[in-house]
């Protein structure tokens, strides 16, 4: 509601254009944030599934630290769980407990990514690519085997690093939304 007074002291009451624009911008911001969370959640699910699928080839090779500790399995499961919770956030936008649950699972995904990256890089450093023994007879099976394992482990490490970045962004967005929701709940009480 806007009030204007003219020079002849007549009062005119009308709609407040600024308040209408502010409400529209705030609803647009809320819809963008919901879609961001959903998009980041879908990318988390996809990266988790990619990590688990790409690691299948490592099961048929020599047993190393990555396979022994089952790093791709537990990181993939945590990433898929965090992503699936984030994709459902638009249904529970105003549920503070659900937002806290999403923040916690994204934080767990960040924490899980750190030891996974350490194990990946340790495994890559401890298992170098073997040299080709007889390049003239083309009997370099071990060379190509260790090279392909190294490429797969490097790819998995890159996926895990990307996922840690996505989880960090999602945690920040959700934390900001929770603070905003806390502000509105204290005003309403």
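From the backbone N, Cα and C atoms, a Cβ is placed for every residue, glycine too.
Bear in mind that TrEMBL entries carry predicted annotations, made automatically and left uncurated.
Taking TrEMBL as the reference, the stretch among 98-121, 122-145 described by the feature transmembrane segment is residues 98-121. Looking up the ranges 17-38, 39-60 in TrEMBL, the one annotated as transmembrane segment turns out to be 39-60. Counted as Cβ pairs under 8 Å, contacts with the transmembrane segment (156-174) are highest for 98-121 among 39-60, 66-86, 98-121. Outside the transmembrane segment (98-121), and at least 6 residues removed from its termini, the chain residues within Cβ reach (under 8 Å) are 37, 44, 65-66, 69, 71, 74-75, 78-79, 81-82, 85-86, 89, 92, 153-154, 156-157, 160-161, 163-164, 167-168, 170-171, 174-175, 177-178, 181. Residues of the same chain lying 6 or more positions beyond the ends of the transmembrane segment (66-86) and with a Cβ under 8 Å from any Cβ of it are 37-38, 40-49, 51-52, 54-55, 58-59, 101-102, 105-106, 108-109, 112-113, 116, 119-120, 123, 153, 156, 160, 163, 167, 170, 174.
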